[in-house]
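J.: This is the structure, below, for whatever I ask next.
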Amino acid sequence: MKFTLKPTDITEIESDAVIFFSFDTTLANLIKEPFPFAKILKRAVEQEKYQAEFSKTLIISSPPESSAYKLMIVGLGKEDEFDYIKLQEAVGQAVSECRKIKARKITISIMEDWMKKLSPTTAVQAVVEAVILASYSFHKFKSSSSSETVTIEEVVLSAAPARLSAAEEGLRIGQIYAEAVIFARDLVNNPPQLTTPTYLAKTAEAIAKSSKDEIKVKILDQKEITKLGMNAFLGVSRGSDEPPKFIRLHYKPGNPKKKIVIAGKGITFDTGGLSLKDAKNMETMKLDMAGAAAVLSVFQVLSKLDSSYEVVGLIAACENMPSGKALKPGDILKAINGKTIEVLNTDAEGRLTLADVLSYSKDIEKADEIIDLATLTGACVVALGEDIAGLWGSNDKFLEIFEECAKLAGEKLWRMPLYAGYKDLIKSHIADVKNIGGKWGGAITASLFLHEFAGSTPWIHLDIAGPAYCEKNTPLSPIGGTGYGVRLLLRYLTSS
Ligand code: BES
Ligand code: ZN
Ligand code: ZN
């Protein structure tokens, strides 16, 4: 998809659709001279009693001599509710309308009204990301070119001349962020027979190779993992014929401000192990490496962005399979930090692999901060639904900054309690902790379990079991992996 930035008069740009956006209260400005196409927009707005409600579109055929085939107004609704996410959803809606009219070249008017809430750079970034993400499709496993759907090939962004340099930066960053999100979506959407732990390791190696030495990679095999004592991780991997891989990616700028570990749950397929899932719940379990996919995707673009932090990406990649060698309910595993874990349900495997990763981050990496992303619990999806990630952490300041980044990255999350009162629920009578809690509050007890291993290091845990994957088409993502968390991590890692 080609983007160009133009300060030119919008009425002169040749395109299939020219798209304007409007709040309900600013519609009057859009249909008033000297606004381009004002007369024709006015007629349609009045005729159809259009009020620019959020996400409502009005499509107008333009006169034959016009440079545009169609004109479109996309409603932004109430101005005081407007933010990064709202803008992206509206753009996503516009893209889906463009698909219907088979528009190949579109022009988007960057509206001055947005700048009251968003900086020009951020606004343009939001638009660019949204156009690319809304246009994404995954069809490489279709045998015929059944993708007859017309895709947008060219996007002209029309901005006020004074906004051009900021818009240029927004365009650059938006393209990089979207590239990373798409990288994650592809990884999650690939079938699990392809996306094995070895495949993730090879992907990490390819990322390092293409970074021209800015990113270093280290892959530990089963023998080395055993030597380190990561027995919780190895316990999960035991039932599988695929060898586990411990992946470490490393980015270090000159004089880094701090060292941040980003860790992603990397279960390349979760059958539940001997605590086997039923067929329905297993259908989408290739998604269980979405956290790992987000980490890899961040490194895919990190050297193109200015991060002043040392960033380490860690992934304990393995499959969770039942077999004669598999982990059994009742088994006790000793994690790398010496803590013993009674395994009562082999389907609560993510926290076992993360126990070793978090301890490693704290004791061996000596990280200043740890962020983990994990498709950890169905309970989190029950609590927050499919759109919103659960956020836990041990440090309020860190959580606040992270929440701000989420707002600016268009990623939905909600802070949840790391309620110490539930710690008794993960006490084992035979080991230090057990890997399941009681009947209720499963996402909280899972977080408390992780906290045991992150210890005193400032730590954030994102349970992305809901938003990592969407089961229906949405304006910004088709069915499948969403690439959740990538933009949030990139925002955080490039914040000051
Ligand atoms: N990978 C699943 C969590 C999950 C569920 C992700 C739905 C995405 C969608 C995880 O390993 C799991 O199975 N968790 C169990 C924990 C339980 C056994 C304590 C769960 O949530 O049921
Ligand atoms: Zn599981
Ligand atoms: Zn899992």
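Every residue, even glycine, has its Cβ placed from backbone N, Cα and C.
TrEMBL entries are annotated by machine, without manual review.
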J.: Which single residue out of Asp270, Asp278, Asp424 does TrEMBL record at the Mn(2+) 1 site shared with Asp347, Glu349?
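T.: Of Asp270, Asp278, Asp424, Asp270 joins Asp347, Glu349 in the Mn(2+) 1 site that TrEMBL records.
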J.: Of the residues Asp288, Asp356, Asp363, only one is listed by TrEMBL in the Mn(2+) 2 site with Lys265, Asp270, Glu349. Which is it?
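T.: Of the residues offered, the record points to Asp288.
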J.: Near the Cβ of Asp347 (Mn(2+) 1 binding site), how many other Cβ atoms are there if near means within 10 Å?
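T.: So the number of other Cβ atoms within 10 Å of Asp347 (Mn(2+) 1 binding site) is 19.
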J.: Applying the rule Cβ within 8 Å of the centroid of the Cβ atoms of Lys265, Asp270, Asp288, Glu349, what extra residues of the same chain belong around the Mn(2+) 2 site?
T.: Gly266, Ile267, Met285, Met289, Asn320, Gly350, Thr353, Ala374, Thr375, Leu376
J.: Tell me which recorded positions (Lys277, Asp288, Asp347, Arg351) have a Cβ under 6 A from ligand 3; sequence order is fine.
T.: Asp288
J.: Other than Asp270, Asp347, Glu349 themselves, what residues in this chain have Cβ atoms within 8 Å of the centroid of the Mn(2+) 1 site's Cβ atoms?
T.: Val236, Ile267, Thr271, Gly272, Gly273, Ser275, Lys277, Asp288, Asn320, Thr346, Ala348, Gly350
J.: What is the total of other Cβ atoms whose distance to the Cβ of Asp288 (Mn(2+) 2 binding site) is within 10 Å?
T.: 27
J.: Hey, which of the recorded positions Lys265, Lys277, Arg351 is the loneliest by Cβ count within 10 Å?
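T.: Across Lys265, Lys277, Arg351, these recorded positions, the one with fewest Cβ atoms within 10 Å is Lys277.
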